[in-house]
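Note sheet for the following structure.
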Amino acid sequence: MEGGDQIMDKVIDKAKILIEALPYINAFKGKIFVIKYGGSAMTDERLKSQVLRDVSLLKSVGIRPVIVHGGGKEITALLKEVGKPSHFVDGIRATTAEEIEYVEMMLSGKINKSVVATLMQNECEAVGISGRDGGLLKTVPFDASQPAFERVGLVTEVNAKVIETLLEAQFVPVISPIGADAEGNAFNVNADEAAAAVAGALKAEKLIMLTDVDGVLNGKALISEITMKQAETLIAEGVITGGMIPKIECCIKSDVENVHILNGTLDHAILLEIFTQRGVGTKIFK
Ligand SMILES: Nc1ncnc2c1ncn2[C@@H]1O[C@H](COP(=O)(O)OP(=O)(O)O)[C@@H](O)[C@H]1O
Ligand SMILES: CC(=O)N[C@@H](CCC(=O)OP(=O)(O)O)C(=O)O
């Protein structure tokens, strides 16, 4: 049984945690953080509620969060249900004119609205939009010569005004990674690329990428901090491979000052990374 002194120590520890966060809260007040939300942190209901409560807390202390969500696993499941297998090349899903209907339904319909609903339940006013709204994500075909990739888009321009308007009105924008070409047709955009493009256009203070690994690893060891140049060297040396390569490359291309790669399955990863000296993931900076 805990005695009175032990209970008091725990209460004082909680106060110390709040005090440790104070310089970070002051430094980041009013700053834009773009959060790429995906992986298990989105499919597991407990983690989902926890991550989005953390986002609500960021907003409460004066940070301006912007969410760009993924949904790769959910799209694969929906396509499977309708008898359409998924094919990926370097992490990019082949998407035909017929398939984009399902992709958009899942991303801009189901997932986008569900993220907004969970934020609203956590006292955080949010508005869901897709990259097709207000000309937010302008795209060109990723590879016009391949019919299987007919509706995969590369972002060429971001209309930041749409997001800035929502931020000024104190809403958290929740963006689904569907872009549009000049004719307004829907294009499937990889969520990492969409998040990086949005962060670059908003000149965000931070781009936070939630994934299912602890961060950038060198073998089994977590790299806590690394420059973008050093990250490029690790790619060239084959230390960073697979899905981590496009993730890091689009961050470098976006010109954002600070990128954090975090394990979204770790409880309160965002708060621990942002408000503690030690952090929990990998910070990649210029
Ligand atoms: N050096 C590395 N550090 C961390 N992850 C790495 C590294 N090299 C390769 N990877 C792989 O990259 C994956 C993350 O990319 P990806 O699966 O595309 O993430 P997500 O689905 O969250 O977008 C990890 O699960 C891991 O298998
Ligand atoms: C073109 C392309 O690959 N689009 C992605 C969009 C969703 C996504 O990126 O979701 P995750 O971040 O959860 O993987 C897809 O269709 O899977």
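Backbone N, Cα and C atoms are what each Cβ position is placed from, and that goes for glycine too.
Going by TrEMBL, these are the annotated features:
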- 31-253: domain 'Aspartate/glutamate/uridylate kinase' (DOMAIN)
- K36: site 'Transition state stabilizer' (SITE)
- G71, G72, R93, N188: substrate binding site (BINDING)
- K247: site 'Transition state stabilizer' (SITE)
Recorded positions close to ligand 2 - of K36, G71, G72, K247, only those whose C-beta is under 6 Å away: G71, G72
Separation of alpha carbons, K247 (site 'Transition state stabilizer') and N188 (substrate binding site) (Å): 17
Any further residue of that chain within 8 Å (Cβ to the Cβ centroid of G71, G72, R93, N188) of the recorded substrate site: G70, I75, T76, T95, V103, M106, L107, P177, N190, A191
Same chain, 6+ residues apart, C-beta under 8 Å of the C-beta of K36 (site 'Transition state stabilizer'), given in sequence order: V68, H69, G70, A191, D192, A195, A196, L207, I208, M209, L210
